[in-house]
Structure formats: C-alpha cells, structure tokens
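The following features are taken from TrEMBL:
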DOMAIN    426-526  domain 'Cyclic nucleotide-binding'
REGION    15-37  region 'Disordered'
TRANSMEM  100-120  transmembrane segment
TRANSMEM  140-158  transmembrane segment
TRANSMEM  189-208  transmembrane segment
TRANSMEM  229-255  transmembrane segment
TRANSMEM  324-348  transmembrane segment
Amino acid sequence: MVLFLFSFKDITDTYGKGHHSSKREEDNRCRRKSSSHFREARKHGRTMLYQLTSHFSRGSKGDVNLSGTMVDKPSVPEYKVAAVQKSRFILLHYSVSKALWDWLILLATFYVAVTVPYNVSFSPHDDSIPASRSTIVSDILVEMLFITDIILNFRTTYVSQSGQVVYAARSICIHYVTTWFFVDLVAALPFDLLYAFNITVTSLVHLLKTVRLLRLLRLLQKLDRYSQYSAMVLTLLMSVFALLAHWMACIWYMIGRKEIETNETWEIGWLHELGKRLETPYINSTVGGPTVRSSYIAALYFTLSSLTSVGFGNVCANTDAEKIFSICTMLIGALMHAVVFGNVTAIIQRMYSRRSLYHTRMNDLKDFIRVHRLPQQLKQRMVEYFQTTWSVNNGIDANELLHDFPDELRADIAMHLNKDILQLPVFKGASRGCLRSLSLHIKTSFCVPGEYLIRQGDALHANYFVCSGSLEVLKDSMVLAILGKGDLIGSDLPGTEQVIKTNADVKALTYCDLQYISVRGLREVLELYPEYANVFTTDIHNNLTYNLREGSQDE
C-alpha cells in the first residue's frame, strides 16, 4: 500500500508574514477555546505537515512541481544507515595501523621506564660513558615518536560517553587537550637535544626526565583492551614486576652512594661491603669501589630477592637508611605477591579451566559408577560416551550457552549450526520463518560403536540426520539398511497425534555425529505454518532413507 501525502504551501512574497500572522491568530483562538479538541488536532496536523514539507523540499527539490503537479516518479524517502562522513586525515582509533602504532609507543614507553631511572642513578657515577652518552640516538628517536604521537592524537577518533564514535576534528582536539595532552606534552619534552648541542647537563636535568614515567598512566588506560588475552596479561604483569625491581635497584644504589659520601657510616654501607668482597674497596669514601655494572647487578639481585622472598643475606642492609628501604621493599613485595602473582595464578587456572572441568566430571562419573556398582560393560559404555561427547563439543552445552541470547539472534545461530539438515529437499519449500522455527528445535546427539540409537517397538521421539559416521538398521538380526552421511531416518507424521512405534533397531557401527528434531517440535512448527505442512507430508516419504514407523512397510 502506497500513501501519497500532498502538501501545498504559498511561495509568494507575502508568505512569511501571512504565515506567521495566521499562526499567531490561530494560537490566540486556541488559547480562547482550549476545550476544542478539533482545533488542537488541526494545529498539530498543520505543524507536522509543515515540518514534513520542509524536510522533503530540502531533501529533493526537483521531485515536486511548484504548481502542485507531480512528476512521473514520486518522492519516496529512503530509510538506510548513512555512510560515515569523515576526513581522510582522521585516523580511526580501532584501525590496524593505530593498533600497531600503539604497540610501538608501548615499547618506547617501556624503554623510557628502563633507561630514565638508570641514567638518573648510575650515569653521574659511570666514568666509562662519555658526556654525549651512547644512547643519545635512541633517546632522541623516542622523543620524536612521542611528539609524533601527540600530533596523531589530535587526529584520532574516540568514543564519547554516550558510546558514539566522534569524527569531528574540533571535538577530537578539545577532548584530547582536556584529557591526556598535558601528560603527553611533559613526557615528550626534548631533554636529550641538550646532549646533541654539547650543552652541559646537570643532575637536575636527569631528575626532570623522570616526568616521562607519566606515560605509564596511558598504559593503565589500555590494559582493559587486552584483559581477555591471558598470555598478554601474563606478559604485562611480569614486565611490570621486573620494571618495579629495576626501579628499586636504582634507588638502592642511590642510597648506597649517599652512605659512601657520608663520612660517618661509609665503611658499613652495602657498596663498601661489596667492594671489599670484589677486592675493589673504597679509599677515603672517594676513590675505588666496584664498577657500575657490578653495582647494578648486585642491586637488582637484592631487590628481586627482597620482593620475592626475605633475601639471602649476602647483600644486606647495614645502615639505618638501608634498613628502612629494605622494610619498604619487603612490604611492597608482599603487595606485589597479592596483586601480580595472584593474577598470574588466576590466569594460569583460567588457561587450564577446561581441562580441570573435564577431570572433575570424569571423577564424578567414576564415583557414580563405584557407588551404584554398575557392571563393567555398562561402565565402559558410559565412559566411552562421555569421552566422545567431550572430544566433540569440549564440554560446552550450546543450549545453555545460548539460553540468554535474544530469540532473533538464537535463530540466526541455529540456522548456521544446522544448515546441513535444513538444506535437505524436504525443507526446500519452507519459508525462512519456518526454517528459523525449525532450527530452534534441532538438537545434537552422538553415538559410539555398538550403541543402539533406537530399539524396535520403542516410541519414536525424533527424526535423525546423520552428519558423520555409519549406522545399520536391524530387524530380527537381519540388516535392512546401512546409513551414512547425509541420510535421514525417522517417520512421517500421521494425521492424529498418536504414539509412533518403531519397526526396527538402529545401531551405530562407528562414531556417529547426529542431528535430530523432535516429533513434538515438528508438529508445533507445522501447526504454525499450515501451508508448508501439506508439502512436508507429501515430500517426507521421498526423503526418508528408511521409514521407522510401524506399519509403514505394509502401507
């Protein structure tokens, strides 16, 4: 049915004044006669007509003639999802290129988190490193990456609080400036250019570079994106733990240097003890001592042993400052055990949860067999069936998994899972709605070799479709048919809802994967689609590989 909506409007010069004046007069009349429902409805109708006319006149001005006549093709609005209009200079935050760039920035952030504390702690005391430093090229490259990242963030889409992707360049700039711009700007300050221009660098510049560690806050923002990948989360957690140990080692070395520079306690500091063991002791707290490489390895060894345990005593705290730091390290280690290793344990358990569930159910099955003292033959059948079904579906119950999904989505999933049986010629005349209803009643079954699927004289509850494997139809120890992949066995539906008795046995010869639709569900669907019921009743005789209904052979 096509609805033609005609609307006429005056396009003369007096239209604007006349329209507004008539509108004011009509408003006054409506206020005086507020009880008139007809006038209110007419006013609302005129407003809607005016809005629709304005909308269609903006959409396509050539469809309606100004004299009021229609052209050959009427104006019909198209209801479709509009394509996203964005500039080609806008970068999508979910694109592959942006994901690769984020990983590159993540590696650069970890590089900064490792080198900055090391340079602050060890570089002022390392005579082997020249003033220009050996990592000047890589440091400047990282700074350029951070600056480039700031530029890209001004052109990268984001998701608003309402869940919509924002493509407008102005909104993107405002959002970035009000969120992470200041942190990224401070972290990208080019301190290393001072080395490139041979400017004297003091220890204060090294301390200012620690603000680059603020980039790690961006890492916490993106951790949720990778929380579903167990291996990724495990790698990040262990990296964070190693990074914390590195930071603590740098602080431990700085404490040792301060104790060496103090004339009162320099002889009992951990650095002096390390120097005596390495036969490179300090002389008058200024000359000698272990190398920076040996000192860093010893500091990292102490912090890792303190974070993971209580230490071994070969590198120990002697002064008050060292003991206070050791106490703090042990407390942080206890917290890291709860956070990092607790998560690691949960991740490993999650990785092996399916195997653990298998062993739990297998133990339950064995306990059931032992409590009820089942015979060996029945026990073997139960265990073999359990192992077969688990190897096929990995212990996942599809019906339970899809129970909470909406009916529309469940029907689409069922259509995909059961596409083989729905492509049979008997279902060729069914409508799409009928096929969707049928797919919701289709279930999966398995048979192991030697297992009887149907016994002669039992009530037939379903029609079966062989997806894989081989079965035989037996009657009085005589093989009547061999069934294979693609065969359909079952029964036609009598006119009345009588119980269908089977006329033969069906026994599995190999491992068989079956799909079946219950007779009750089939009757319900055919009642909903009576136009297909007649077609099904006629075609089912020609599509059954073997009819199991008692009396069908005589008919």
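Glycine residues also receive a Cβ, built from the backbone N, Cα and C atoms like all the rest.
Listed by sequence, the residues of this chain that lie at least six past the ends of the transmembrane segment (229-255) yet keep a Cβ under 8 A from its Cβ atoms are 110, 113-114, 117-118, 120-122, 223, 270-271, 295-296, 299-300, 302-304, 306-307, 321-322, 325, 329, 332, 336, 340, 343-344, 347-348, 350-351.
In the predicted structure, the domain 'Cyclic nucleotide-binding' (426-526) carries a mean pLDDT of 88. Long-range contacts of the transmembrane segment (324-348) within its own chain (CB-CB distance under 8 A, at least 6 residues past either end) are made by residues 230, 233-234, 237-238, 240-241, 244, 248, 251-252, 255, 303, 306-311, 317.
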